[in-house]
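Engineer: Shown below is the structure under consideration.
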Amino acid sequence: MGCIKSKENKSPAIKYTPENPTEPVNTSAGHYGVEHATAATTSSTKGASANFNSLSMTPFGGSSGVTPFGGASSSFSVVPSSYPTSLTGGVTIFVALYDYEARTTEDLSFKKGERFQIINNTEGDWWEARSIATGKNGYIPSNYVAPADSIQAEEWYFGKMGRKDAERLLLNPGNQRGIFLVRESETTKGAYSLSIRDWDEVRGDNVKHYKIRKLDNGGYYITTRAQFDTLQKLVKHYTEHADGLCHKLTTVCPTVKPQTQGLAKDAWEIPRESLRLEVKLGQGCFGEVWMGTWNGTTKVAIKTLKPGTMMPEAFLQEAQIMKKLRHDKLVPLYAVVSEEPIYIVTEFMSKGILLDFLKEGDGKYLKLPQLVDMAAQIADGMAYIERMNYIHRDLRAANILVGENLVCKIADFGLARLIEDNEYTARQGAKFPIKWTAPEAALYGRFTIKSDVWSFGILQTELVTKGRVPYPGMVNREVLEQVERGYRMPCPQGCPESLHELMNLCWKKDPDERPTFEYIQSFLEDYFTATEPQYQPGENL
């Protein structure tokens, strides 16, 4: 997949604005009003978009989908993106949120709950710290610690997390009614949301969201008749009594260790000898993908490129851009071997390529709610790329990776414009993914975020057909001719017409009439409440 600086987004001719009424919290003595605010689009990377200049990239990999297999599960940082960098005026003690095994001789191993004095936190994502328990100095991943005795250090605090991601976690198999988490409110600055797993006869398993409001004097409440000095006291109260909630709080929602930002301190350009290729996962036009180990300690995915695929100098420059793109739904780039044969090291994902997962893995048995949720996750990642003014250029199931609990991440970005292969750069050559490409991009090379939207419509057909090749029975040239004449794929068997209507919006001839990824994400996240509330499982979907 390629991410490039895109043209300025124009307002579409059709305005896609879902209604987002936010119901006020009921402060009566009975059951509390549940927060029904529509999930806002959230990004794991905050702040202004980086200006990486105008780039022109082509997608990596061709039709066979040579993609790195990224991480075993989604990670949500429960720590703010940064803490105050000054350590003067008193020492702040930090506490470990997770266990960590050292990957290099410069790292510190530690256990959850261990306390640290931070020596230097001004050099990025890895901080120099001293363990109070052992007295040892070393580097620690900054997103594995939080200030001791802070809200961020509480096990139930999940920080910046959207409503939909909270629901995904709480509804994971094995979780029981009453399991909960606290997160920042998406709709009210300075407020929090309490998300609880519930069950009822009508909806079955579901999640209720309650807004935790802040008093002027610093206290907290869900209803004004029950106010608390601290968030910790509020949580403790509702673990003892439901007191108007749908259920009393039982246990904290399980989470997983977040991915570290990079493999270790200054581990970016790494020696080839530090990597061990162990299991070949796939191959394609331009290289192979392996599961392997870095430094004898860390499981990774390794993409090996055939010599001559791209210039090493250009690749290294591009990789500097790739590693700056950070989002929960993008596979992170960890490190590179920049001399030929080029190696690209990324997060390892346990379930592999989405296309294979749908055709040969457990994905064969998924029903429409799971498939729509996977599409919503992909739209979430693409909405981030949209906000960053980049484009993907090769969005399809072969470039999406799957982890535990059906977590999906977008892979393979930033490389394609560097590929030196006539069968690819010709756009209509054998290695170019014509069936996924918008006509203006295939015919005239006009790649924009709106051509990505077209590709997303095709990807939706891959999901609901469990990996069927688009335009069955048609060869590439025929597809291009028919699409130019106005042909669009019919509604796949078992697919609701409302979902097919979204596909057709993505396939509008005029790129400006196609929806934004922000709209697509919102539509898919609320699909079974706003669009198809009467859905009943069928034979295949």
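The backbone N, Cα and C atoms fix where each Cβ goes, glycine too.
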Engineer: Let me know which member of Lys299, Lys303 Swiss-Prot also records as binding ATP at the site of Leu281, Gly282, Gln283, Gly284, Cys285, Phe286, Gly287, Glu288, Val289.
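Structural biologist: For ATP, Swiss-Prot names Leu281, Gly282, Gln283, Gly284, Cys285, Phe286, Gly287, Glu288, Val289; of Lys299, Lys303, the listed one is Lys303.
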Engineer: Under 8 Å between C-beta atoms and at least six apart in sequence, can you list the same-chain neighbours of Tyr535 (phosphotyrosine), or say none if there are none?
Structural biologist: Leu368, Pro369, Pro496, Phe528
Engineer: Do you know the DSSP helix, strand and coil residue counts for the domain 'SH2' (156-253)?
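Structural biologist: Per DSSP, the residues of the domain 'SH2' (156-253) fall into 18 helix, 31 strand, 49 coil.
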Engineer: Determine, to the nearest whole angstrom, how far the Cα atom of Tyr334 (phosphotyrosine) is from the Cα atom of Asp394 (active site, proton acceptor).
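Structural biologist: The separation of the Cα atoms works out to 21 Å.
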Engineer: Reduce the DSSP letter at Asp394 (active site, proton acceptor) to three states and note it down.
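Structural biologist: DSSP assigns Asp394 (active site, proton acceptor) to coil.
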Engineer: Measuring Cα to Cα, how many angstrom lie between Tyr343 (phosphotyrosine) and Asp394 (active site, proton acceptor)?
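Structural biologist: Tyr343 (phosphotyrosine) and Asp394 (active site, proton acceptor) have their Cα atoms 20 Å apart.
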Engineer: Can you tell which of Tyr334, Tyr343 has the most other C-beta atoms within 10 Å, given these are the modified residues?
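Structural biologist: Output for this query is Tyr334.
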Engineer: Return the average pLDDT for the domain 'Protein kinase' (275-528) as a whole number.
Structural biologist: 90
